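Trainee: I am attaching a structure below and will ask some questions about it afterwards.
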Amino acid sequence: MSVKLKKIYLKGFKSFAYPTTLPISPDITVIVGPNGSGKSNIVEAIQWAFGEHSLKELRATDKSDVIFKGSDKIRPARSAYVELTFDFDGKEIKIARELTIEGNSTYYINGDVARLKDIKQLFKSTGMFSIVGQGKIERIVTSSPQDIRKLIEDAAGTSVYLDRKKEALGKLAGTEANLERLKDILYEIGKNKRSLYIKAKKAEKYLEYEKELEQLKEKYYGGIFYHESNLLKKLEEERTTKKEHLKEKIQKLAKIESRWSILREEFNEISKEMESFTDLLESHKQRQNQLLELRNTLINKLNELKSNYVEKTSKIDSLKDEKERLGKREEEISLIMDSLKKEIQDKERILASIEEERNLLTSKYSEKEMEFLKKKGEFDELEKKANKLENERNSIYDSQRDFRERLDMIIEQLESKKSRYQELDGEISELSENANKYDEKTKRLLEELENTKNQIRDLTSQREYLKEEFEKILHRKKEIISEISILEKQLNEYQGFSHAVKKVFEIKEQFEGIIDVVANLIETPEKYVEAIEALLGGALQHIVVDTADNAKKILEFAKEKRIGRVTVVPLDLINRNVRSVKLPDEKGVYGFARELVRINKIRESKEKLLEYLFGNDIVVENIDIAIKIKKKSKVGRIATLEGDIVSNQGSMTGGKYENTHSFLARKNLIEKLKEEHKDIEKVEKEIQEKIKGLKAEIDELRDYADTINSELMEYTSKSNSAKRMLQELLKTHSELSKEVENFEKLKREYELRIRGIEERKESLNKEIVEIGEQMKKLKKELENFNKEIFEDREKLDEINEKYADYQTEVRGLYERKIQYESEIKRIHEREKEIDNKISEMMLETKRIKEEMNKFQELIDENEKELQALKAETDELFSSINYKKSGKEGKIKEMENLEKEMESLREETEKIREELHNLELKIQEKKLKIENIPEEYRKEVKLDVDELDELRKKIENFENKIKYIGPVDLGAQEEYERVSKEYDELETQKKDLEEAKKKLVELIERTDEEARQVFLKTFNIVNNAFKKYVEQLFYGGTGIIKIMDKDNLLESGIEIIISKGRGRSQKLQLLSGGEKALVGLALLMALLEAQPSAFYVLDEADAPLDEYNSERFKRLLKSSEAQFIVVTHNKIVMEAADIMLGVTKNNDVSNIVPVRLEEVI
């Protein structure tokens, strides 16, 4: 679309008080006039009409400044009005703007009120205008690479992308800030959620356990109540029975005890009479027992010998009898052997004749048997075939019945499987849904667990970092303490001071009025330390005392001990002889040295001492200021912050030693270190608190992770179980499908088999009838044949039996012969063995006989003494028996009574014990019943095993509840609320992350679009710039170059110019006119890249000389664009199609047509 500005109409705008119309050429319009005539007001009118708001661009301080203010002769305007008339492809369109004195601003299109947005939209495709103002060429040439880049960005219109990016970055920053804030909130809520989750789970488990425990207790205690109540009732009944039984026993015992007491008295009287007889009888009895023991011992020994003797003699007799029997047996065997040999010969002859007869019968029988067997084989074959067919027929019947039963079962199973198949579809669907739910829950728990682990890792990392920082701080703390200790030691021991000073202060107590060295009395900010030390120099080691007398004593001590020279400053002797000097009023002067220090340890004479030490010395910033002041003012010494000195006479002293702590710096350093020590302790405490907090947070997260892990395992187990069941069901489903197919197939197979069986059954019946007829015929023949064979077989069996009997007899005779021969051999060996044993035993019996005779003599003597004692004892017994007869009756009765009493006592004691135990059991049962809470005292019938199982369950649940620990029952509700809030925030977080992602993508896309647009414009500008440079510099070339191609959106752009065949030159080396041409070339290139409806050049040609103005004029003429040129350059005026002159009279601008000839 072709757009050209046709005319400009001004009324009340700045200096254009009257309605003014400016005709505009479609090519080049030149506006000329003296400075201050209002030429630039025309340019600003164009800007203002297109919505310019910048007061700086409009050269105004207020928006109302664009309205004509009036003059001595002309009143102020009520409004400012500018109208621009355009030709849009032959169609005339007017845009205007009006600002009233009341401040109302209005835009118009063709006289109708419009918005600025509408005007911009109108020129959207063509661009509105471009203005190159005064000094812009120079600014372009002297621009930095970044500024040149900015020009190309303006030409490319990438500002829209930059604005979009800036807006996106602002939104991104806001989103990230919101996201961070949300993360912080989520983190805090997450912490609270995790804590509440654990508490809620505890509460959930607690309530679950409590509910189950309550049910178990109700059942358990009901069972206990039932059992204990029944037991109590039985125990009380048993107690009543026992009490009645006890009462009966006690009454009976009382009667028996009374009778026993009477008998006891009678018994005691008889006992006294018998005691005397008893003593005598006891002595006789003891002797008798001794003799009897001796007699028994002797008899036992004799019996042993007799027994041994009898045994030996018996054995000898036995051996002799055995030998005799063996001899007789040997004779018998000899006779038997002779008879046996003869019998063997007879039997062998008979056996030979029987064998010959047997062989003849066997041959005849074999022939007949062969024929019989042949017939029998035929019969057996038919019978076998008949049986086979019969079996097959029976089998067919069974198979038919079996197949029918199977077919019924198959049909039944088929229906069952089909029904189960349909049920499985529903189960699989339900299980699949459950498995998905468990998987979803597991996934969420895994994500939560992973997030928790990441948080634990982050917090652990933070804690480890804090521990490292803590170790560093501790190390630094030790270093500071060590440094303070060293510095304080240096101060206390006056290290660095002269030997004389050290010696004086070693015995400081001996000197009255001694205060300290100057260095320890003075304090100054660290900034002035070097300056003050430079001014004081050796005076830092001067010793300050109160009086001259005390100073004298120190000097005498120094002389006497020859410790070296020392300077002492007595406060009562020094003079205040400082003339008044004005402090130089120069920048960098800090003040008089005496005012920059402070004296401690002295209450009086502070100013006196300071004036003595510093006089009119001043402190300045650096040596240059010191020299400058010294040249101008008469002050004392001048010290710089670095320790340089300018003396009263003008000499200068300076320089530095290696880094050492000066006297004054020590104290400052100590204070500084102490402050650092305090700060470190504070930081140390903070870090400890942070570490403690992190540990607590990590522990809480670990507890939370354990809880999640536990729940995860539970849901994983459920999921796996559901999946296993699902797999099993799917497998079963598949198997059932196959089974249904197999059963359908089986059904068809069995139906075919049943039909086949029916056909086979009919065929078998026919075959069985035919074979039956053949078998009847053969059976009759076999019966006749069998009769003949049977008779021959009987004869043969008889011969065989007889042959076998003789054969057996002969074998038996041979075996007996061998046995008899072996027996004779054994008899000979045994006879020899018996002879040896008999000779040994004869010697042994002789020795035993001699010992038996000795023991018999001793026994006879013992028997005589026993007979005498027995006679005496019988006499005593006859006396005792008389007395004893009455006593024994009483004793017997008493014993019986005692037994009965003892039995009754045991019984009563036992009953009492049982009653006591019953009472304890009753109390125990009552106590148990009382201990059962009132609400559980409802009888529930349970056996002991069930009660024991319930008790174990109750203990288990009580342990579980105990293990849970303290429980917050409100945590579940709070967790749900927090969880809901957390989920909502999590959703917001996801939305923000998605928004962030989109914004990042938008920024990347914007960057990419901006790169493409910028690069496209850059190439256009570069090509145009080359073209214009070649036009302006004959044989010259020029390019613009991106300095960092990898950073296209931020890299600066440099201009490279080459004149003729020369090398590339920097712009700084070009002449002013050449620079202006380069600027114009770039400007024209920029205008080409950013086409506008028209271009305004406001004295852009000012720097050009005549030669270069000619080149510029040709450049304008060669362009097809519409230009409005404000200029003073006559050569440039030559390019005008329309030239307008601006004049000013009484502060009002006017337009007059101008001819070129008149200007030239």
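The backbone N, Cα and C atoms fix where each Cβ goes, and this holds for glycine too.
What TrEMBL says about a protein is an automatic prediction, not a curated fact.
Feature list, courtesy of TrEMBL:
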type    : residues                                               : note
BINDING : Pro34, Asn35, Gly36, Ser37, Gly38, Lys39, Ser40, Asn41 : ATP binding site
COILED  : 165-252                                                : coiled coil
COILED  : 288-469                                                : coiled coil
DOMAIN  : 512-630                                                : domain 'SMC hinge'
COILED  : 666-816                                                : coiled coil
COILED  : 845-1012                                               : coiled coil
Trainee: Can you give me the same-chain residues 6 or more apart in sequence from Gly36 (ATP binding site) with a CB-CB distance under 8 Å?
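Mentor: When sequence neighbours closer than 6 are ignored, Gly36 (ATP binding site) has Lys1144 within Cβ distance under 8 Å.
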Trainee: Return one of helix, strand or coil for Gly36 (ATP binding site), based on DSSP.
Mentor: coil
Trainee: Might you list, by sequence position, any residue in that chain lying six or more from Lys39 (ATP binding site) with a Cβ less than 8 Å away from its Cβ?
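Mentor: Correct list: Ile31, Val32, Gly33, Asp1098, Val1126, Val1142.
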Trainee: State the count of C-beta atoms found within 10 angstroms of the C-beta of Gly38 (ATP binding site), not counting that atom itself.
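Mentor: There are 25 of them.
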Trainee: Drop a 10 Å sphere on every Cβ of the binding-site residues Asn35, Ser37, Ser40, Asn41 and tell me which sphere holds the fewest other Cβ atoms.
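Mentor: Selected from the binding-site residues Asn35, Ser37, Ser40, Asn41 on minimum Cβ neighbours within 10 Å: Asn35.
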Trainee: For the domain 'SMC hinge' (512-630), jot down how many residues DSSP puts in helix, in strand and in coil.
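Mentor: Across the domain 'SMC hinge' (512-630), DSSP assigns the residues as follows: 54 helix, 21 strand, 44 coil.
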Trainee: Tell me whether Asn41 (ATP binding site) sits in a helix, a strand or coil according to DSSP.
Mentor: helix
Trainee: Determine the Cβ neighbour count for Pro34 (ATP binding site): the number of other Cβ atoms within 10 Å of its Cβ.
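Mentor: Within a 10 Å radius of the Cβ of Pro34 (ATP binding site) lie 12 other Cβ atoms.
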Trainee: Quick one: which residues besides Pro34, Asn35, Gly36, Ser37, Gly38, Lys39, Ser40, Asn41 have a Cβ within 8 Å of the ATP site's Cβ centroid, in sequence order?
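Mentor: Leaving out the recorded residues gives Ser15, Gly33, Val1142, Lys1144, Ser1149.
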